[in-house]
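Each remark here refers to the structure printed beneath this line.
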Amino acid sequence: MSLETFRESKAYKWTSKVISFLIGQWFFIFLGVFIALAHSYPEFAKQGGTIRAEYSIGYGAVAVIFLISGLSMSTKQLLVNVANWRAHFTVLSMSFLVTSAIIYGIASGIKASHNGQIDDWLLIGLIVTHACPTTVSSNVVMTKQAHGNDILTLCEVFIGNVLGAFITPALLQMYMRGTWEIGNPSHQTQGDSTVQELYAHTMKQLGLSVFVPLFVGQVVQNIFPKQTKWCLTTFKLNKVGSFMLLLIMFQSFSTAFAQHAFTSVSHASIIFLVFFNIGIYLFFTVLTFFYSRPFWILRVFKEEPNESSSKLYRYSYAFFRPFYYNRKDTVAVMLCGPAKTAALGVSLVSSQYGSHNPKLGIILVPLVLYQAEQVMTANVLVSFMRKWIHAEDKVPEDEETSVGSDNDPKK
């Protein structure tokens, strides 16, 4: 049989399709491998473990992701997005207030039903998870893959995590009252650090793993633009960012397995969390979409102001119309709004409840599972988001995104 005949055979075609499919799903395959390794050898990559993952991965892997971001983004666009206060308001209000309030209501309803299979501390962990700030690394990686505004995403994760050191403890004090008094951090005698120490730790982590590599990347890009572009395309550094994200999840699962988090709750609770996390992440993603593109704005502000328009219309248009974001910005907000950080989240939980608290493992289960499932779900959604973004390329002028927006949708 000749080579050409073999290539035309059904066996060769089916084998090629299977190999192409497996290559396309490399992220999920490696994720499964890393979870299996974390289960079998949790001491290797847990916090304080063999490789001191809180430094080698917590700082190193995150720094690589933001170094790549610094090398690939325009300094001018970075400054433009830093000034986009409307997007900051949308993401912060969704990430901290809307999501946590909805979860608080759901958890309170489950607690009121007196379901003995769902541990109260697991529900407390659910509330704690959704009071945490948005995740740092996966948001940037996923937004870049979806061809969204990853520069805006970078601004949101930095602002959200800096403020999260203050907002999350305040939210826990607000929610953990009455029927949830048992979970109030003020009643935990094993707390490890004060809010001031937590904030210092957060600023150190964000400074060394986000700001410094981002700054270095920007300097290198502006001094050596051609060489930087060549490196980005030749070495496919975007794939490197995705692999760094896998290492971060490897660390989270290793820490969870080392703390026996998954064996501290019932199988029914784990099954409930797995399906609940996927459903609530999709719900929050859809909710964030409508929050980012309110239909009433287009109905009220159909036309750009002109000389015959009233002052009220002109001022209202200038203030409200930019809240209807273009598609790239919408994708950035959609990925930031529902996401929750495990890196800072673990530090926040440990500082509030104490690393030696016997209930810590149960509290961390929702956080670790949600992080993994949000990344897997977002990895599926990015292809649809990418198609939606490029669908407007076929339209000469997209009235939904170009009029009154702070940012040009073509950027």
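Quick reminder: no glycine exception, Cβ is built from N, Cα and C everywhere.
Bear in mind that the values here come from a model prediction, so they are computed numbers and not experimental data.
Membrane topology per Swiss-Prot: M176 and S269 share a side, carrying the same topological domain name. When Cβ-Cβ distances below 8 Å are used as the criterion, the topological domain 'Extracellular' (39-52) is approached by residues 58, 250-251, 253-255, 257-258, 346 of the same chain, each at least six residues removed from its ends. Same-chain residues lying 6 or more positions outside the transmembrane segment (18-38) and placing a CB less than 8 Å from one of its CB atoms are 44-45, 242-243, 246-247, 249-250, 253-254, 256-257, 372, 375-376, 379. Mean pLDDT, taken over the topological domain 'Extracellular' (172-204), works out to 76 on the 0 to 100 scale. Counting Cβ pairs under 8 Å to the transmembrane segment (53-73), the stretch among 151-171, 205-225, 243-263, 270-290, 330-350 with the most such contacts is 205-225.
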